[in-house]
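Down below is the structure, laid out as structure tokens.
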Amino acid sequence: MVGTPLFSNAKKILLLGSGELGKEVIIEAQRFGVECIAVDSYENAPAMQVAHRFHVIDMKDAGALREVIEREKPDLIVPEIEAINTDTLKEMETEGYHVVPTANATKLTMDREGIRRLAFEKLGLRTAKYEFAENLEELKEAVQRIGIPCIIKPIMSSSGKGQSTIKSEGDIEKSWDYAKSAARGIGTKVIVEEFIKFDYEITLLTARTAEGTRFCEPIGHIQIDGDYHESWQPHPMCAPTKAKAQEMAKKITDELGGYGIFGVELFVLDDEVIFSEVSPRPHDTGMVTMVTQKMSEFEIHARAILGLPVNVDILFPGASHVIKSEILKWAPEYEIHEASKVKDTKIRLFGKPIAKVGRRMGVALAVSDNVTKARENAEKAAHLVNIK
């Protein structure tokens, strides 16, 4: 049951992190009459622009986070980013607050060490070989054991920040410095991963609901420097490989528990499925579902956490392509007229108050009768958007 927003019987969601994904979650939640409060470290973040109200705090600050939760007394606390004091969330959960999907799932998936140890050491899922390092000497030793080339990432970061490929011993110190510069929250620890020459990688959006676990059609994607660049749905998979992917996704999401959508990232090599990462929230590659599915990943997430039924059916093949800034500008302007002419394509601008070089400022979404054409149109439209 939901009440009426801004009245005493309102059902309230507190969104921790107010980026473009959270913005869409709030829009969907408000369609069900939910009162939405957005939180982030800077004013006028995308989700704040559609929320009933917002707070600006450092979410890694335990006292500030506790204060805003106790002030708002939300029915659901919905994390959207990694830079959150998860120990405070665990404390608040023991005091009766509901963290989506659970506080433990949020903590485990906020750092790569927690989720990798869970996946490989506890659940026995196939992963890339990995080591952890806390200083440069440990990193050099880990690289020797894993072998070159290999991937280095901070154990806590987002959108590919701090990730690099070590192609020779001369890259080690540079990669270490880059990882340290982008690390969030947990010192300078890094994960060193085996470089896998996979055939392709997918995101398998996995919805845990009161009625069971449902899987969206696989989403193919391309990352550049660890950051989402384009995605498409459906990505073709043979039935046995898809079944393996779904089995792996169910195993990890069942262990994490709770309700909501999970973005499970997987590599596929021949007919083998290799676990990469999981996010207990909508996934950036899943923005394509805004045009391909009966219900977008954001509607599915909102419905699942509210205990409502979901539909994961796909309607059309489609694709997404990021719109990135090439300039540094406060309150940028966008020329979108030409981009809007591209057939069966939609432009979604996030409304971020500052454009930075390489920052994701929007996305182009396209549908067609085949994925190839949709990808071409999404890319064309994205490149026609002029940010000034």
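For all residues, glycine too, the Cβ spot is worked out from N, Cα and C.
The N(1)-(5-phospho-beta-D-ribosyl)glycinamide binding site annotation in Swiss-Prot covers E20, L21, E80, D284, K352, R359, R360 and is backed by sequence analysis. According to its DSSP assignment, K352 (N(1)-(5-phospho-beta-D-ribosyl)glycinamide binding site) is coil. Around K352 (N(1)-(5-phospho-beta-D-ribosyl)glycinamide binding site), the same-chain residues six or more apart in sequence whose CB sits under 8 Å from its CB are E20, A45, P46, R359, M361, listed in sequence order.
Cβ neighbour count for R112 (ATP binding site) (all protein chains, 10 Å cutoff from its Cβ): 22. The ATP binding site annotation in Swiss-Prot covers R112, K153, S158, S159, G160, K161, G162, Q163, E193, E194, F195, I196, E201 and is backed by sequence analysis.
Under the three-state DSSP scheme, E265 (Mg(2+) binding site) falls in the strand class. In sequence order, E201, I202, T203, F275, S276, E277, V278, S279, H283 make up the list of same-chain residues 6 or more apart from E265 (Mg(2+) binding site) whose Cβ falls under 8 Å from its Cβ. Marked as Mg(2+) binding site by Swiss-Prot on the basis of sequence analysis: E265, E277.
What Swiss-Prot lists as domain 'ATP-grasp' is 117-306, and the listing cites sequence analysis.
Note on the domain 'ATP-grasp' (117-306): its mean pLDDT in the predicted model is 93. Here the CA atom of R112 (ATP binding site) lies 23 Å from the CA atom of R360 (N(1)-(5-phospho-beta-D-ribosyl)glycinamide binding site). If you take the Cα of F195 (ATP binding site) and the Cα of D284 (N(1)-(5-phospho-beta-D-ribosyl)glycinamide binding site), they are about 23 angstrom apart, rounded to a whole number.
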